[in-house]
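**Student:** Right, I'll just put the structure down here and ask away after.
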Amino acid sequence: MLLSKFRCLHEIGSVALFGVLIRWIISTNPYSGKGKPPMFGDFEAQRHWMEITYNLPVSEWYHNSTANDLSYWGLDYPPLTAYHSWICGFIANRINSSWIALSESRGIETESHKVFMRATAIIADLLVYILPICALGYQRRTHHGGFPYIIRICAEICVLLLAPPQILIDHGHFQYNCVSLGLTAWAILFVNDEKDVTAAVLFSLALNYKHMSLYLALPFFFYLLGRCHQAGRKAGSTKLVKIGAAVIGTFILCWWPYLWNFDDATQVVRRLFPFSRGIFEDKVANVWCALNIIVKLHRFNTGVLAAVSTLATLFGNVFSSLDLFRNPNDHKFRYALVNSALAFFLFSFQVHEKGILLPVLPATLLLTDDPIAATWFIIAATFSMFPLLLKDGLALPTYAMVTLFLTLSCTLLEWKLPRYGERVSKHGPQNEEEEQHQYDFACALMTISVMGFVILSLGCQFAPVYQRLPDLWTLLLSVYSCGHFVLFFIYFHVKQFEAQPILHKQRRKTMKAE
Amino acid sequence: MEETRGKAPWLRRPPMKGEGIASSSRRDSSGGTLMSAEERLRMMRVIQAREMGGSYHEDPYAPHAGAPDQATRKDNNKSSAFTVLLIAVTTVKLLLFTSYRSTDFEVHRNWLAITHSLPMRQWYVDATSEWTLDYPPLFAWLEFCLSHIARFFDARMLKVQNLNYSSPQTILFQRLTVVLADSVYIYAVSEGCRLLTSRLTSRSRNILYSPATVYSLLMLWNVGLLIVDHIHFQYNGFLLGLLQLAVFRVVERRFLAAAFYVSVALNMKHIFLYMAPAFGVYLLRQCCFPNSPHLDIREFNVKNFAALGSIFALVTAIAFGPFAVFGQLPQVFRRLFPFQRGLTHAYWAPNVWALYNGADTALTVLNKRFHFLVQSVQHVADSASSPDNSTLDAVPLVGTEQLKIQSLTGGVVGAGEPNILPAVSPSVTMCLTILGMFPALWSLWRAKVGTPNLASGDVFVRGLVGVTLSSFLFGWHVHEKAILLAIVPLTWLAISSANDARLFLLLSTAGLTGLHPLLFTPSEIPLKYMMIFLYIYAAFKVLKDRFSVVRLPGRRYCLPLLNRIETLYVLGFLPVEFYNAVVHESILGLCTKLPFLPLMVTSMYCAIGVVYVYVLIVIDLFRLSR
């Protein structure tokens with residue numbers, strides 16, 4: 001989908017600019033690890049990677065050496081992140097070389113440097129994340145020459161762009177999740193456009209930027225496989241070969257410098273998957289952390305835990321993946337993305353709080369089709385990261401962003417319960433009334449649940465700390481969020497099984513008629 | 001009730017708009033949940049016709065107004081647009097808490113401390129901090145009240161000796177007070193919406209472009225206030241809320257309430273003196289000669305005059321009374337009116353004196369090159385190390401004369417005097433201001449008396465804007481922020497007439513852009529440009545849709561509502577600000593040689609727009625009072 005196909009560019013552009021504005025306002029807030037030597041935080045990690053990649057040759061990036069102390073924020077993301085850091089480092093060097101001076105620049109905290117880092121994140125966000133989100137919002141309303149309902153499109157794009165988790169983490173806490181998420185969004189855009197090879201290439205790039213994108217890999221795999229299967233034996237296998245070649249080609253290109261030496265490659269892989277860190281970190285809102293309250297998991301062998309968690313993850317993925325393979329369509333695909341990412345988040349080994357960003361991306365795209373559930377889920381995801389954000393001094397922006405998002409979502413989107421399958425055909429006053437009841441019930445439940453989040457988050461900030469249970473409120477919050485995620489996991493599965501195609505409805509019908 | 005005046009021939013409202021919408025929404029609600037194919041086609045045609053520059057007779061967004069979905073319909077009631085805009089802007093204000101704050105933050109913290117920990121006799125005497133109390137006493141009373149809440153946040157901010165104290169709690173408290181004080185402004189805007197809906201009910205059923213929505217968008221998201229109050233730090237929103245309330249009471253012809261609000265505003269911040277003459281003249285005329293179309297001194301209504309006078313006197317007495325008892329009034333007034341501060345503020349406000357100083361600087365530069373003046377100023381140029389260098393600030397700082405040049409283009413507060421043109425004294429500015437106010441005051445005095453007609457309110461508001469702009473343009477030591485005093489009332493006019501909408505667009509473009517030098521830290525530079533651009537874009541967009549502008553062939557390359565020269569002027573801001581933000585420093589590298597050139601260029605370019613709007617308003621006033 002080319003940019004030239006857009007109509008009403010300047011309206012959409014102004015909405016995108018509003019998104020950038022909000023991001024920039026958030027970025028005036030403090031970042032992670034500000035003024036906290038000796039390790040600082042993710043902000044320093046990103047800066048350190050620029051320093052390392054700019055000053056050292058490619059082969060040394062992942063190796064421990066005197067110049068590259070891996071215990072101080074060593075590079076542990078795939079090569080595309082490293083290249084991105086190199087580009088940023090190159091620009092930083094042109095502006096002010098002291099920002100990335102090798103080992104002398106550690107913990108640098110000047111105002112101009114902060115603005116530089118913030119600007120790199122926002123530019124990356126604009127180019128890689130905001131653009132595909134705008135395109136997806138546009139595509140949703142204009143498929144098959146539909147009327148460009150410009151106010152509706154702008155309203156939807158505005159809500160999609162203001163989903164708080166990614167904004168708060170990227171521009172408050174500081175990371176470049178927007179790149180991997182944005183590449184995934186581009187891939188989804190091309191999937192919707194039925195350009196499967198391009199989509200596969202883009203998703204491979206996302207994987208090579210941040211390996212956490214693996215959370216979303218299974219739906220991509222099964223969707224593309226299902227599409228090949230659907231296309232028939234001959235055309236399907238050709239397509240499969242094409243996609244496979246494209247993926248392998250992308251990987252080879254990204255890993256080019258490391259392919260010539262087996263040691264280098266294994267070192268990178270070791271850095272990417274550190275099994276030594278334990279099954280979960282801090283108080284993450286997944287099943288293992290909740291289970292840990294009852295059964296102390298650290299007594300078990302790490303290998304056993306890894307095996308159990310992998311099995312659980314795979315089991316969590318089976319239903320949604322098989323369903324997607326049997327009946328691949330754009331709508332099921334979005335639900336499957338949420339389901340798969342949630343399965344990984346809930347059950348897999350070594351999960352981080354920020355992992356929730358991955359299910360949030362497809363959930364954001366579901367905002368137009370299933371607004372209540374998606375909004376609710378996104379808010380729950382935001383609050384599940386609250387302890388992290390609180391540590392960075394981002395409590396007030398979190399509340400503000402959630403309020404903004406909730407308000408815009410419930411006024412700009414058509415809040416209704418999704419109706420798919422057989423239920424669509426039923427019409428009549430009685431049914432309408434029943435739906436109204438369901439709608440009111442859903443809204444009431446959501447209000448109660450969000451109130452719960454607010455109370456727990458306030459508890460994290462202001463409640464007195466008990467000596468025996470110092471992390472009581474944080475733990476309560478994470479268990480509460482975990483409960484939400486498990487229920488959403490079930491709900492989204494149900495919805496996935498019901499989902500009918502949206503974008504290619506007409507074409508499917510005509511195909512059947514033929 | 002339709003406005004009849006101010007309708008240029010190129011503006012036309014689509015006829016029967018309300019009816020068209022009503023019928024289409026009726027069709028929607030009966031027809032089922034999906035828009036029919038015909039309807040879609042019709043809308044496509046309408047949009048196409050509009051894009052081709054032709055006319056259309058139906059609101060393109062009409063079906064949206066009667067959106068088929070029940071949930072949407074439930075949300076789309078009149079108040080929801082206001083509420084959404086309000087919540088959204090409030091969250092943005094909260095997000096801005098950690099952004100840059102100017103010395104005004106410390107100024108207000110110091111006032112909290114002074115009013116809290118010093119006896120009242122000391123309030124206007126204390127000079128521990130250089131930021132002495134220089135607002136009228138009612139504001140000091142407000143700070144006194146606030147300081148009692150401040151105790152619960154951080155008591156150390158209330159110590160006078162704690163200069164530049166800014167703990168996180170202090171920042172939180174002070175920022176929160178601004179956000180909460182804005183509730184007066186929000187109440188005023190909601191009052192305005194109420195008046196607008198009562199006045200323009202039958203116009204449009206479409207929520208998105210109803211007058212109330214447009215008004216609340218333009219007012220609540222006023223970027224000038226966001227910049228000045230929520231980034232730079234001041235309490236203008238609160239005070240402008242009082243002003244708005246006063247204006248609305250005048251529009252409703254509740255003059256005593258209006259007098260009360262004006263008195264409170266005046267005793268809070270004496271900048272409202274800029275517009276006080278308008279209120280004075282209009283209220284006197286309307287209250288004291290209520291029955292005479294021609295001025296007749298025998299019909300002077302003493303009762304009304306006494307009521308007005310006593311309200312004003314009472315408020316002022318409460319404010320100034322204690323200081324009068326202490327015998328400190330001269331001291332208070334010395335603090336309030338520091339005439340030693342110079343003709344122009346640190347950064348030139350975009351007014352006549354910016355142009356005057358600009359002309360003077362240009363003459364100085366020319367004189368340095370061509371030596372056409374053999375006067376005492378000549379030695380300024382001669383003592384420069386490189387006399388043939390034509391650029392002004394290439395002169396190294398060696399003597400006081402150079403400092404004088406520097407200070408003109410610079411940000412130095414002080415009595416910078418022009419080099420070549422004659423110096424301007426406060427009395428000259430005073431005379432010019434009164435002269436400039438004259439047309440507006442004349443029209444206010446001539447305004448029809450006693451007609452309970454809401455349109456007569458517009459006569460008053462237009463006169464008010466004229467008076468304020470005159471003060472802004474010719475006043476002594478004017479701050480660039482004062483332009484908000486004119487923009488806010490003009491927004492009210494912009495809703496009901498297309499001609500005023502045009503003035504509003506020009507004035508807000510010039511005035512708001514003129515505010516941006518307030519923010520200069522690296523992280524706020526992109527922020528301010530984005531905010532100003534988005535606001536002006538949105539203003540053009542909503543006002544264009546509100547007045548359903550039909551472009552004539554001759555106006556093909558114009559922005560909506562503007563003519564070609566005005567379009568050029570507005571678009572000219574893009575290259576000017578691009579030069580200031582990027583070219584001047586990064587490409588030409590002139591930031592050390594000519595550090596203040598961008599400010600000068602901005603303020604002069606904005607000044608042209610403000611003067612132009614003032615002239616148009618004066619012409620309108622004459623035209624309408626005839």
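Note that Cβ sites are derived from N, Cα and C of the backbone, with glycine treated the same way.
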**Student:** Identify the transmembrane segment range according to TrEMBL, selecting from A:304-322, A:399-417.
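**Tutor:** In TrEMBL, the transmembrane segment feature sits at A:304-322.
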**Student:** Determine which recorded stretch among A:240-258, A:334-352, A:372-390, A:437-460 has the most C-beta pairs below 8 angstroms with the transmembrane segment (A:472-494).
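**Tutor:** Ranking A:240-258, A:334-352, A:372-390, A:437-460 by Cβ pairs under 8 Å to the transmembrane segment (A:472-494) puts A:372-390 first.
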**Student:** Mind pulling out the one from A:304-322, A:334-352, A:372-390, A:437-460 with the most Cβ pairs under 8 angstroms to the transmembrane segment (A:212-228)?
**Tutor:** A:334-352
**Student:** Would you mind listing the long-range same-chain contacts of the transmembrane segment (A:372-390), meaning Cβ under 8 Å and 6+ residues beyond its ends?
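**Tutor:** Counting only partners 6 or more residues beyond its ends, the transmembrane segment (A:372-390) has Cβ contacts under 8 Å with 163-165, 168-169, 172-173, 282-283, 285, 338, 353-354, 356-357, 359-360, 363-364, 366, 397-398, 401-402, 405-406, 409-410, 413, 415-418, 439, 442-443, 446, 449-450, 453, 456-457, 460-461, 474, 477-478, 481-482, 484-485, 488, 491-492, 495.
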